[in-house]
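Single-structure report; data block below.
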Amino acid sequence: MAIAVPLLLAVVVSTLSLQPFASLATMTQDFCVADLTMSETPLGFPCKPEASVTAADFHNAGLSAAGPVLDPFKTGLATAFVHHFPGLNGLGLGATRVDIHPGGMVPLHTHPAGSELLFVMEGAVSVGFVSGATNKVYVKTVSKGELFVFPQGLVHFQYNLGNATATAIAVYSSHNPGLQAVDFALFKSDLPSDVVEKITFVDGQEVKRLKALFGGSG
């Protein structure tokens, strides 16, 4: 019992300290619209006072048009995450519109905080992910009206198979799933070129070329 009492007190203190975010963990209220004037925490944003919540907090037009094209990938991305869509806060949902131009791709990347469900609206794309446990690759052609799911945290990709722009909507199991692209991590960062060469077995000249392409340093 001597151990149980301090432990219980610690749990109570922790619970009280997280009261502004309680709805994110237990959903004991209808919603918790993000108060974007406050700092984000691992549990999300604090709740905006309900008296100041409006219908606009639950609406977002960010996916109504293609987003900026990312070079050299020939792919446009438009996002609907909590930072621009406060009604998503704590609901475990986020979305991206993906417009992959002919010859374009979404390079190897991962979402550390959420799984991804991809719905192809136009065109056909080749998609795939790599198992973390066995390194087995799961690849599939996904056409208009079809779905494919990428498990949380696993490296995955998409590329256009056609001669016209392929458009898809990706929905995530998080209001902010995170993103880390392998190309950016290696070649857009300040990781020294000689280190990249050692840890990837990529020729030093090629590393320097890719660093220049992506705007990295080191």
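Placed from the backbone N, Cα and C atoms, the Cβ positions cover glycine too.
Those TrEMBL annotations? Automatic predictions, nothing curated.
Per TrEMBL, the features are as follows:
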| type | residues | note |
| --- | --- | --- |
| SIGNAL | 1-17 | signal peptide |
| DISULFID | CYS32-CYS47 | disulfide bond |
| DOMAIN | 61-208 | domain 'Cupin type-1' |
| BINDING | HIS109, HIS111, GLU116, HIS156 | Mn(2+) binding site |
| BINDING | HIS111, GLU116 | oxalate binding site |
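Everything TrEMBL records as a feature, shown here on the structure.
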residue	record	Cβ contacts under 8 Å, 6 or more apart
HIS109	Mn(2+) binding site	VAL155, HIS156, PHE157, LEU179, GLN180, ALA181, VAL182
HIS111	Mn(2+) binding site	PHE150, GLN152, GLY153, TYR172, SER174, PRO177, GLY178, LEU179
GLU116	Mn(2+) binding site	VAL149, PHE150, HIS156, ALA170, VAL171, TYR172, SER173, PRO177
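On the 0 to 100 pLDDT scale, the domain 'Cupin type-1' (61-208) averages 96 in the predicted structure.
In the structure shown, the C-beta of CYS32 has more C-beta neighbours within 10 angstroms than that of any other entry among the disulfide-bonded residues CYS32, CYS47.
Neighbour density for HIS156 (Mn(2+) binding site): within 10 A of its CB lie 23 other CB atoms from the protein chains shown.
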